[in-house]
Structure formats: structure tokens, C-alpha cells
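Asker: Here you go, one structure.
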Amino acid sequence: MNHQHSYLTVNPRLYHKQSALPLDNPKLAHFNHALHQSMSGLPFDALDWQRIIGADNDAFPEGFEPLAMVYAGHQFGQWAGQLGDGRGLLLTQIIDKQGKLTDLHLKGAGKTPFSRFGDGRAMIASTVREYLCGHALSSLGIASSNALGFVVSDTLIARNQMERAAALLRTSDCHVRLGHFEWIAVYAPELLGEFTYQMMDIYYPEVGNDINKFLHAVCQNTAKLIASWQLIGFSHGVMNTDNLNITGSTLDFGPFGMMERFNPTWINNHSDHHGRYTYQNQPTIGHWNLQKWLSCFSLLSVQHDVMLACLEDYEVTLHQHYDKGICQKIGLDSSHAGAADLAYEFVGLLKTYELDYTNSFRALIGVLSDDEHRYEQGLFHQLTQEISAQGGIERWQNWQARYITTITNAQQSIDLMKRTNPIYILRNTMAEYAIQGALEDDFTEVSRLFDLLANPFKLQSIATNEDIAPTDRRAMTPISCMS
């Protein structure tokens, strides 16, 4: 195993080394074989992984040196002070087969000095949701943490009622959060320069020793990430500064939601009483978080105009990537005259009539295709019926007429939309069915969804009607932060 536990090189005040707290009778619920194969030198035996994810310290291979990171953050717009890894441990960092640094992080590993009032454990429900969503976003091509697998156990934890604990072995390109810098700026400002240069060397070696380039790069990558969320209809739900990392990959799946019927103001986090973290607010919150992060670097004499330029870079990058992507979702290049206007008008239709976000974009293939794409033609007819029932048929037909005349090569547009618009996303009802099974030690639905979401752009025989057109009343209900 090619270890490179680079975080051990930072000042020891920034982490706490400790053992994991073993779970009682851990049972391997699911294992991500494809992700495992992308890594080199990891133990393969299922029993090994059951013991590792179950926090059996004796099973940890040489090179595993678990540690809990300390960081701070702004939560729901307010300074929250010291936070840190309250239930997770960074076990090690390895170099994968592509030569990329990958963190192995055990979530649900027991109490740490940063647990505050928590017990350091994880619920089965939140573990299943994170496991499936990290896999789903990765399969969609969105930068995200993933996981090698998860276990359930007989360890009991107190939530609304007594429940069994689970644990997840998360992988990510980076667990260094904006909040790491916030903690240092407030509690150990003398460490900020050294830590910043270390993070630049590890995660952004291409910028050399130029802090300004580093700041721009983080802002650009954050913008690209949030643009990708907006395009696929993903709402993170809890975009605190301690939940965004410095590489621009999705981290910390809590009360997330995939947009079903399009409502940009939908509150998917039960604790978000004022709608701060709604889908439509994510670009603005990204800007706000980066502004707080950038302010830390005044301690390193970074000028205010540099910070403003970074934030402007964020805005420009986000809009460029979103505009390009939203045009591709209707099968057009953003350089095509009128493409952006058509795309934004289509999004307006989705909002007005609260149409299914994923199905509606896929339905556009049915506008251009013949009998070869019967699934998409079915979606198109359903879309037309829904709009017509709400009195919008003339608006819809006018948009279609303009759209068809704008398309210059129907097959190219169809091919682009098939690569861009998924058939399957992780809908809330899908996750709920998997959770209910997992609570009874039945992981059949977890396994089925894992296979389904591995290929989200292709029709699959294992799909059910609920995977594409859920009718359950829970489809758009807020999710609790409890985990």
C-alpha cells in the first residue's frame, strides 16, 4: 500500500491522534468493489474490511495512523467557534492507481476531543444516504467523496429512540475544509502561513509559492462544484464553511436532496428554518463562505483587492460553467446563438409548472427523436400533458417551435443530451426504501440502487417505476440533520 499520510506533517496542534472505538458485532453491509479496484495495495478480503470499518484497531494495516482534525466554521451564517471531527477519523492517505492522493476516513469511529455533546457514532439511515449519494454523484461525474463500504452493528446509540450504529469508510481527495483556516486564524494565527504553504504543496503544487494563485484556484474549483450541483439539481442542505473543502469536491452528506419537482426555494434541510441553504441560494452561499475564508489571509498580508478579484473570479467561473452546462442539457453548445435564452426559458417552464427536473430534461430527446427513443418519447408526452393540464400548452408549443428551428443536427443534440441528462438520480423515496431494508439487515435494495446508480445515463432492467416517477408523499419532504 502506497501511503502518504501528509496530514501528519502539519503542526500537531491541528489534530489529535487516537484509536477508533470498536463496534459490537459489525457486519459488512455493502462493499464498493469498483472503487476498491481503483486503489492499489489495499486488503481485499471482506472479513478484513468488516473489521477495519468496524473500528477494530488490531485489523488496521501498517501505515494507518488515525487522527481527528480540529477546525472551526460559520454555521447558518453565525460563527460557531471550534468544531472538528466529532465522529470521524482520518485513517491514512494513499496514492491510488491514477497517482492521486486519496483520504481513507472512518465515519462513526467513536468519540474524539471534538465530539462536543455527541457520541461519535453514526445512524444506519444517515450512513446509507451518504453511501448511496457519494456513489451517485461520482457516477454522474461530479467531484465528490465516495466510500469503500459500510457496516451495521449491534452497538446501540440514543437518538429519538435507541438505534443500532453504523460506520462508513469514506474516501475523498481532501478533508481540509475552509474551516481549518478559520480555526487557525482565530486560535493559532502564528501557524497560518506554514499551514497554507503545506496545503498548497499537497493540493495545489502547480501554484508554487504564490498564495494569490492558490486563493484563485480554490475559488474557481468551488465555483465549478456548485455549478455542477445546480445543473444536476443537487441541494447540499448544510453549506457551512466547515462543510466545504479546498479542492472543490462534495463533502459531508447530511440533509441533502436531489431536486424532483422543480422548486428552487424548496427547503430540504429540516433545520434550515429560514431557507438559507435552498437550491437557489447555493451560488450566493458559496460566495459568502469564500469571503469568510479569504478574510483569514489578511493575516498573511493578502490585499483586499486580491480577495475581491478572487470573489469576482468565483462569480465568472460559476456562470461560465453553468451557462455551458445548461445549454448542453438542451443539446446545444453555449456558443450557439440563442442557446442560453432557450435553456433559461426551459428552466422557467420547469419552475412555473413544477415539473420533474431530471425527467423533463431527458424528455427533450423525445422532441427530436423517432421511435428509437421510446422511453424519452413517453417522458415528452407526459411532460406535455402536465403542462397542458395547467394551461401552459401554448407557451410550451411556442418554446418547442423555437427549439426545433435552433437545432442544426438532431443526432448530435440527442447524443449530447444522452451524455448530459441522467435517467436515474437518488430520489428520496429510493433512499428511504433502502434504509428500511437496512434497518432489518436486508441490503437487497442498497445493492440494487448501488448498481442502478453506477450507470445513471442508461436504461436498466433492474429499474422500477418508483425510480423514475415516485408518487410517495415523502418525495419532497425535508430531511433531518440527525445522524
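The backbone N, Cα and C atoms fix where each Cβ goes, glycine too.
All annotation found in TrEMBL is predicted automatically rather than curated by experts.
What you are looking at is a predicted structure, and each value in this text was computed from that prediction instead of being measured.
The feature active site, proton acceptor is assigned by TrEMBL to Asp242. The ATP binding site annotation in TrEMBL covers Gly84, Gly86, Arg87, Lys107, Asp119, Gly120, Arg170, Arg177, Asp252. Taken from TrEMBL, the feature Mg(2+) binding site covers Asn243, Asp252.
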Asker: At the level of the C-alpha atoms, what whole-angstrom distance separates Asp252 (ATP binding site) and Asn243 (Mg(2+) binding site)?
Answerer: 6
Asker: Whole-number Å only: compute the distance from the Cα of the residue listed as 'active site, proton acceptor' to the Cα of Arg170 (ATP binding site).
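Answerer: That comes out at 17 Å between the alpha carbons.
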Asker: Here the binding-site residues are Asp119, Asp252; which one has the lowest number of other Cβ atoms no more than 10 Å from its Cβ?
Answerer: Asp119
Asker: Neighbour count, 10 Å Cβ-Cβ cut-off, for Arg170 (ATP binding site): what number do you get?
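Answerer: Its Cβ shell of radius 10 Å holds 26 other Cβ atoms.
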Asker: Would you kindly give the Cα-Cα distance separating Asn243 (Mg(2+) binding site) and Asp119 (ATP binding site), rounded to the nearest Å?
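Answerer: Taking the Cα atoms only, Asp119 (ATP binding site) lies 20 Å from Asn243 (Mg(2+) binding site).
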Asker: Tell me the Cα distance separating Asn243 (Mg(2+) binding site) from Arg87 (ATP binding site), rounded to the nearest angstrom.
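Answerer: Distance (Cα to Cα, whole Å): 14 Å.
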Asker: In the three-state scheme derived from DSSP, which category covers Arg170 (ATP binding site)?
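Answerer: Arg170 (ATP binding site) sits in a strand per DSSP.
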Asker: Calculate the distance in Å between the alpha carbons (Cα) of Arg170 (ATP binding site) and Asn243 (Mg(2+) binding site), and round it to a whole number.
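Answerer: That separation, Cα to Cα, works out to 15 Å.
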Asker: Just counting, how many other CB atoms are there within 10 A of the CB of Asn243 (Mg(2+) binding site)?
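Answerer: Counting Cβ neighbours of Asn243 (Mg(2+) binding site) within 10 Å gives 21.
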